[in-house]
């Protein structure tokens with residue numbers, strides 16, 4: 001117990017000899033004991049500090065975070081708050097164990113530990129999703145699904161809300177305001193353009209992997225909308241190894257999803273026939 005107390009305590013722990021007063025050989029029922037434990041850090045101030053951190057953490061959710069460094073800073077702060085909460089939980093639990101008052105709070109601590117385990121499992125699952133998507137975006141965004149495709153230059157991973165039958169990827173040419181940069185946009189999320197699209201994209205979730213095939217490309221002459229190109233993907237019902245693709249010259253064939261993209265830099269003259 002002393003080892004754990006010294007490990008999980010800020011400051012120092014003073015272990016004092018047990019002192020029992022008012023005890024007599026005839027009557028030991030009314031004896032009073034002194035807890036042989038004294039922490040140099042005021043526990044109340046630690047709890048108040050973590051409470052303020054939790055309030056500040058909740059307040060930051062109302063602030064618009066658009067840039068990646070802002071999202072990374074917020075997620076890092078959130079992770080530190082969770083670690084502090086776990087520290088306070090273990091610290092207070094060990095103090096109650098040393099005081100012999102653990103039984104009254106056992107169910108409360110069991111609930112807290114259960115919630116902490118869920119949070120830890122969620123972090124592990126997000127890391128696994130990062131590995132599947134080959135990107136750090138699952139750690140930055142809270143979306144449950146991500147639209148991914150991979151080229152020679154870049155691994156794209158854009159947050160997505162749910163599994164749908166159709167996905168529309170909007171390519172901005174960097175001319176329209178207020179966005180003066182080339183990017184790909186899906187449902188309010190965007191990622192800078194580093195290379196072109198592929199003939200298929202994959203929606204990754206915790207236990208989901210759905211393939212979508214490129215069906216058509218709509219340019220300004222098709223839609224009347226300037227400075228944007230739309231790539232329309234439809235959900236595949238076939239097995240992933242047998243993806244039917246449409247090449248630029250109109251021929252069709254069977255390709256493996258691991259193949260290189262047919263084109264890497266779509267232009268305003270690029271059109272994929274249905």
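Glycine residues also receive a Cβ, built from the backbone N, Cα and C atoms like all the rest.
Keep in mind that what you see is a predicted model, and the values were worked out from it rather than measured.
Restricting the average to the topological domain 'Extracellular' (1-34) gives a pLDDT of 50. The feature topological domain 'Extracellular' is assigned by Swiss-Prot to 1-34 (among others).
Positions annotated as O-linked glycosylation site by Swiss-Prot: 27 (among others).
Annotated O-linked glycosylation site per Swiss-Prot: 28 (among others), in sequence order, evidence recorded as a curator's inference.
What Swiss-Prot lists as O-linked glycosylation site is 32 (among others), and the listing cites a curator's inference.
Summarising the annotation, Swiss-Prot assigns O-linked glycosylation site to 34 (among others).
Annotation comment: Swiss-Prot describes 35-55 (among others) as transmembrane segment.
Residues or ranges marked as topological domain 'Cytoplasmic' by Swiss-Prot: 56-78 (among others).
Sequence annotations record features per position, and here Swiss-Prot assigns transmembrane segment to 79-99 (among others) based on sequence analysis.
Annotation comment: Swiss-Prot describes 100-104 (among others) as topological domain 'Extracellular'. Away from its own ends, the topological domain 'Extracellular' (100-104) comes close to residues 93 of its chain (Cβ-Cβ under 8 Å, at least six residues beyond either end).
The transmembrane segment annotation in Swiss-Prot covers 105-125 (among others).
According to Swiss-Prot, the feature topological domain 'Cytoplasmic' maps to 126-274 (among others), an assignment based on a curator's inference.
The domain 'CoV 3a-like viroporin CD' annotation in Swiss-Prot covers 145-237, and the record cites sequence analysis as its basis.
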In terms of Cβ proximity under 8 Å, which residues at least six beyond the ends of the transmembrane segment (105-125) contact it?
79, 82, 85-86, 89, 93, 96, 206
Summary of DSSP states over the domain 'CoV 3a-like viroporin CD' (145-237), given as helix, strand and coil counts:
4 helix, 52 strand, 37 coil
